[in-house]
Amino acid sequence: MVNIEIPDVGFILIDTANLQGPGMAREQLGVLNALDAAKTQWYHFTAIVIAGMGFFTDAYDLFCISLVTKLLGRIYYHVEGAPKPGTLPPNVAAAVNGVALVGTLVGQLFFGWLGDKLGRKKVYGITLLLMVVSSIASGLSFGSSPKGVMSTLCFFRFWLGFGIGGDYPLSATIMSEYANKKTRGAFIAAVFAMQGFGILGGGIVGLIVSASFDHAFKAPAYSENATASTVPQADYVWRMILMFGALPAALTYYWRMKMPETARFTALVAKNAKQAAADMSKVLNVDLEAEEEKVIKMSGSQANSFGLFSKQFLKRHGLHLLGTTTTWFLLDIAFYSQNLFQKDIFSAIGWIPPAASMNAIHEVYKIAKAQTLIALCSTVPGYWFTVALIDVIGRFAIQLLGFFFMTVFMFALAIPYHHWTLKPNRIGFVVMYALTFFFANFGPNATTFVVPAEIFPARLRSTCHGISAAAGKAGAIVGAFGFLYAAQSTNPAKTDAGYPTGIGIRYSLIMLGVINFIGMLFTLLVPEPKGKSLEELTGENADENDEREVQIDPSRTVPI
């Protein structure tokens with residue numbers, strides 16, 4: 001109740017609880033308020049680990065293929081008498097590297113939509129099971145001919161990607177809906193940061209497996225004895241590396257199934273206030289009231305009923321969705337082309353010796369060592385810098401700075417590229433290359449994952465995150481397939497077998513620098529969610545945006 005003085009009338013007592021005007025907010029649901037205001041508790045860390053292990057597996061499975069593609073070429077595409085070891089033909093290399101990304105894109109769209117229809121928890125276990133089964137099946141790819149092995153490998157890696165795709169929108173949405181508003185950015189970023197450990201884990205597993213086999217089965221270099229350089233046991237190396245990805249996913253399946261559905265889905269989408277209060281009372285260890293009337297009132301609001309393809313969504317969130325999809329698309333062109341083909345860059349600058357000077361298993365060891373060093377020195381620290389600072393300086397600043405420095409370092413690598421290829425400067429090249437990874441992860445690679453989980457309504461949150469993530473994977477496919485051809489030397493004598501001449505690594509890096517700059521511009525479309533509740537950001541606790549006049553009841557005026 002408030003008293004308002006109006007000249008020549010007197011004081012008017014107005015009931016503010018029933019006062020509704022344009023865009024005025026309703027009181028937040030108690031269960032959601034409790035989640036927003038909750039102190040950091042054990043269940044937050046449990047949720048980070050349960051969701052994060054999915055991302056560990058995601059990153060491991062998507063990036064470990066870059067460790068073994070050269071080995072697959074040696075085993076299945078060896079040409080007798082050739083001066084260089086066998087390599088995967090262009091179409092096979094593109095399929096092996098890209099098919100999981102295609103599966104991920106489809107999975108993000110499908111499971112993102114399904115997560116909003118059936119609930120986050122119901123779909124969460126399906127994605128994990130798909131990842132476990134497909135990881136094991138990838139390592140068991142069968143057939144005696146190269147075509148048979150590669151076809152079955154691609155088939156299983158598509159379904160692996162499909163499961164991984166579902167983990168993106170579901171993990172982000174679950175974490176954002178469980179988190180408090182003060183540290184929500186850090187919690188979602190921490191889930192995504194497990195990707196860094198996944199990449200690092202892939203490198204470490206590659207090192208252990210290849211070192212063990214290299215020690216147990218001695219083989220000469222390719223230049224000394226081409227046939228003997230690839231021992232029969234090398235076929236186990238790539239299979240073991242791929243199959244290990246099933247282990248962390250399998251370990252977290254039980255805990256995923258024990259997690260209750262998020263209160264925001266239960267209350268705002270399923271409209272079950274009683275269940276939401278019961279679930280969160282257990283999680284938060286407090287007694288929460290089931291506000292069924294308030295849920296019914298909120299669900300009847302126009303603000304909580306418009307669909308994805310409505311004019312109202314376009315008006316409220318159209319530019320936001322454009323911002324999240326374009327920035328993720330542009331980032332992943334650069335990020336995936338760097339990650340999947342870093343072994344080619346290291347070979348070009350001489351960090352990895354010429355293939356002919358090593359045996360097949362030792363080459364895997366060298367590639368794994370380079371990937372592990374980059375992950376340890378730049379990828380992992382970049383992710384955790386984001387976790388530490390995202391709720392301090394905000395998502396917008398981190399994304400803008402990240403794109404800016406990625407642009408700077410790409411150009412710094414590309415313009416004096418010949419300088420970096422000279423032997424005294426090769427370590428400098430690796431340091432600069434590592435810095436681009438650092439600012440990708442302390443930058444848009446993390447924030448493009450966090451923001452779509454915060455700025456869209458609960459009933460469309462998983463779908464919109466899936467659309468944004470799928471745009472990112474479309475960029476990854478462009479980066480992976482495009483860079484494969486673009487990075488080939490302009491000199492026909494120096495290209496990989498079966499590839500046409502490209503624009504070379506220097507001009508490829510310039511292109512990636514331009515792409516990062518465009519990403520910086522599209523960042524301007526993305527809002528800053530720091531410190532606000534999800535319902536404040538989406539307007540779900542606001543009334544319809546219709547114009548209403550305040551009705552004054554003369555019987556409740558108080559004369560002077």
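From the backbone N, Cα and C atoms, a Cβ is placed for every residue, glycine too.
These come from TrEMBL:
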- 45-72: transmembrane segment (TRANSMEM)
- 47-531: domain 'Major facilitator superfamily (MFS) profile' (DOMAIN)
- 92-111: transmembrane segment (TRANSMEM)
- 123-142: transmembrane segment (TRANSMEM)
- 186-213: transmembrane segment (TRANSMEM)
- 236-255: transmembrane segment (TRANSMEM)
- 373-390: transmembrane segment (TRANSMEM)
- 396-415: transmembrane segment (TRANSMEM)
- 427-446: transmembrane segment (TRANSMEM)
- 466-486: transmembrane segment (TRANSMEM)
- 507-526: transmembrane segment (TRANSMEM)
- 537-560: region 'Disordered' (REGION)
- 537-547: compositional bias 'Acidic residues' (COMPBIAS)
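Using a cut-off of 8 Å between Cβ atoms, the transmembrane segment (427-446) and the transmembrane segment (123-142) share fewer than three residue pairs, counting only pairs 6 or more apart in sequence. Counting residues 6+ beyond its ends, the transmembrane segment (92-111) has Cβ neighbours under 8 Å at 61-62, 65-66, 69, 72-73, 77, 123, 126-127, 146, 150, 153-154, 157-170, 336, 340, 462, 466-467, 469-470, 473-474, 476-477, 480-481, 484 in the same chain. As a quick check, the transmembrane segment (373-390) and the transmembrane segment (123-142) miss the bar of 3 or more Cβ pairs under 8 A, pairs 6 or more apart, so the two do not touch. The transmembrane segment (507-526) shares more Cβ pairs under 8 Å with 396-415 than with any other stretch in the list 45-72, 123-142, 186-213, 236-255, 396-415. Residues 327, 331, 334, 386, 389-390, 429, 432-433, 435-436, 439-440, 442-448, 451, 506-507, 509-510, 512-513, 516-517, 519-520, 523, 526-528 of the same chain, all 6+ positions outside the transmembrane segment (396-415), place their C-beta atoms under 8 angstroms from a C-beta of that stretch. Taking the domain 'Major facilitator superfamily (MFS) profile' (47-531) as a whole, pLDDT averages 87 in the prediction.
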